[in-house]
Amino acid sequence: MKRILLFVLTNVMVVAVLGIVASLLGVNRFLTANGLNLTALLGFALVMGFGGAIISLLISKPMAKWTTKLHMIDNPQSPDEAWIVGTVRKFADKAGIGMPEVGIFEGEPNAFATGAFKNSSLVAVSTGLLQNMTREEVEAVIGHEVAHIANGDMVTMTLIQGVMNTFVVFLSRVIGYAVDSFLRRGDDRSSGPGIGYYVSTIVLDIVLGFAAAIVVAWFSRQREFRADAGSAALMGQKQPMMNALARLGGLPAGELPKAVEAMGITGSIGKLFATHPPIEERIAALQNAR
C-alpha cells in the first residue's frame, strides 16, 4: 500500500515547480537583499503554500481519471452500471449535492471520490469491490464516498495542506537564512543568498514536508470517521457500513494513486502517514455511535 496520499505528492510537485520558477525570477535574492524581509517572505509563503494546494485540488479530477484509467459511465450499458449510477444519484439527492460523475476502474477492492466542488465531483468504484461485496455493502461504500463530497473533505484537506505548505516554505527559508548568515559571518563582499541558504532550504523543504504530511494524514483519518458516519446516515442504518469495513479487512487492499488515496475507502497501513484509521477502529466508532 502506498503510504502518502497522492494529493500530497501532487501538491509537493506543484510547490517544487513554483519554487524553481520563483528562484529563476530572483525571488530569493529579493527576499534577502537587505536582510530577511519577513513580511515579504510570509506573502511569498502564502502564495506558494496555497497556490500548490489549490492547483492540486483543481486538477484532482482529471488526474484521477488519468491515473486510474477510469471507465466513465455516461450511459449505463448493463444492469450493474445502471444500479451504480442510480445509487450515486439517490445518495447525492439525499445529501443535497449535484450528481457526481461516475466511473469504474480495474483493481482490487477500493473506491474513491474527488473533485474541487461539491456539485462537480466524481465517484469511482473498482471491479474488485463489485465482485467481492454484496450490493448492500457496495451501497454503503458509495455512501461513504458521497459523504466525503457532502462534507467538503477535498476543500478542507486543501486548506489544511495550504497552511502546512505555508509553514514549510516560511520556516525553511528563515532557518536557511540563519544557516547561511552563520556560514558567511565576517564576509562582507558577498551579497544575496549563498550556497548555505539554498542547500539548507532544499533539505528543510523535504524534512519539514514529511512532518507536514504527518499532520495532514492525521486530519485525513478524522475525516474518514465522519464519512463512515455519513454513509450510515444516508442508508438509515450503520450495519451495512460495518459489514463493508469488515469485509474490506479480510480482502487484499486495493491500491489507489496517491492523488486520490485520501478520499478512498481504504488507505495505507503506516501509522504516522496513514490516510485512513485501522479498520477495527472505524468499526468500533460506528458501533459506539448513537
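All positions are counted from 1 along the displayed chain.
Just so it is clear, glycine is given a Cβ too, placed from its N, Cα and C backbone atoms.
What Swiss-Prot says about this protein:
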- E145: active site (ACT_SITE)
- H144, H148, E224: Zn(2+) binding site (BINDING)
- 4-24: transmembrane segment (TRANSMEM)
- 39-59: transmembrane segment (TRANSMEM)
- 159-179: transmembrane segment (TRANSMEM)
- 199-219: transmembrane segment (TRANSMEM)
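The 10 Å shell around the Cβ of H144 (Zn(2+) binding site) contains 30 further Cβ atoms across the protein chains shown. Looking at E145 (active site) and E224 (Zn(2+) binding site), their Cα atoms lie 10 Å from each other. Cβ neighbour count for E145 (active site): 27 (other Cβ atoms within 10 Å of its Cβ, all protein chains included).
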